[in-house]
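**Student:** Dropping the structure in here first, questions after.
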Amino acid sequence: MLVAVVKELKQGEGRVACTPENVRKLTDAGHKVIVEKNAGIGSGFSNDMYEKEGAKIVTHEQAWEADLVIKVKEPHESEYQYFKKNQIIWGFLHLASSKEIVEKMQEVGVTAISGETIIKNGKAELLAPMSAIAGQRSAIMGAYYSEAQHGGQGTLVTGVHENVDIPGSTYVIFGGGVAATNAANVALGLNAKVIIIELNDDRIKYLEDMYAEKDVTVVKSTPENLAEQIKKADVFISTILIPGAKPPKLVTREMVKSMKKGSVLIDIAIDQGGTIETIRPTTISDPVYEEEGVIHYGVPNQPGAVPRTSTMALAQGNIDYILEICDKGLEQAIKDNEALSTGVNIYQGQVTNQGLASSHDLDYKEILNVIE
């Protein structure tokens, strides 16, 4: 199987989907690997480093001729022209956010494997490290954009406690998963007060136990509680993600209007559509805008801003799956590995993820019923 590592076109995206170390694992297993020129530069990996591990350096167009194209994020619209029948595209594709790309993949007969929908032992194991990074970084961005020169309230989120008692900021975090706890931990480290809004009762108990000795309040998620708590936020971070599907707009414009002027609003799951009515995708180089008097931060690829850390994390997670696909062939790998099967969103043009099908009102096929 010919495997290609392509350079990301998404603005500000410095990650690469495969490290030189993982290229060596593939070539040692007898697979041919091509790497687009400068694909790894943003993460600190030179072309020479890939060549030393057995890869051939190629152009962007040549990379897309591969049987298996390994990416970090969804293909750019300029790359749709390279799709070919039975080609496998691997990455954090977040296909629920774009019907256009899904229809193009269906038209050509592409197979799309989305790392964010791979579930193993009840957990999104490939997404979790990226969620952790996005959560931590969101807390930091909330502090940064709270400053006056960025349009924020002009507050220092840590407060001041040297001979005076100026309280820190309040972070309201919507959702209680991996991204949420990582955001909360950074916020607590900044001496901020944290409120977590969570739906699941078992998770609420877990969070209450986890933060029993910390300045954290855990609140049951209801529309009424959300509307009440968001008014307290100096920084509001939404972490709600439904794997494979587009989430509902749970944070309404009226709720945003009720927030403090100059407060900061961040949606970590904006790459899947987000849960905030007033949010739209932004970029790492132009990350914020003001609406309803609130600073909106809608960067969909936050881990791409710290590519050295993020690339190492994602590469550790994806290589075993990629090797299994290459060694066994996709169909046998799917049959043998239930977790891998949950990542197949489109198989040869057929939608095989129920959440994705529902998001775009498309026909759904069970993956094990369509593989040969």
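Along the chain as shown, residues are numbered 1 onward.
Keep in mind that glycine also has a Cβ here, set from the backbone N, Cα and C atoms.
Pulled from Swiss-Prot, these are the listed features:
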| type | residues | note |
| --- | --- | --- |
| ACT_SITE | His94 | active site |
| BINDING | 170-200 | NAD(+) binding site |
**Student:** List, in sequence order, the same-chain residues at least six positions removed whose CB sits under 8 Å from that of Val178 (NAD(+) binding site)?
**Tutor:** Ala128, Ser131, Ala132, Gly135
**Student:** Could you round the CA separation between Val186 (NAD(+) binding site) and His94 (active site) to a whole angstrom and send it over?
**Tutor:** 26
**Student:** Validating a neighbour-count step here. Other CB atoms within 10 A of the CB of Thr170 (NAD(+) binding site): how many?
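**Tutor:** Neighbour count, Cβ to Cβ under the 10 Å cut-off: 21.
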**Student:** If you draw a 10 Å sphere on the Cβ of Leu190 (NAD(+) binding site), how many other Cβ atoms land inside?
**Tutor:** 20
**Student:** Give the distance between the Cα atoms of His94 (active site) and Thr170 (NAD(+) binding site), rounded to the nearest whole Å.
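**Tutor:** For His94 (active site) versus Thr170 (NAD(+) binding site), the Cα atoms are 31 Å apart.
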**Student:** Please report the three-state DSSP label of Glu198 (NAD(+) binding site).
**Tutor:** strand
**Student:** Including all protein chains shown, what's the count of other C-beta atoms within 10 A of the C-beta of the residue listed as 'active site'?
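**Tutor:** The residue listed as 'active site': 26 neighbouring Cβ atoms within 10 Å.
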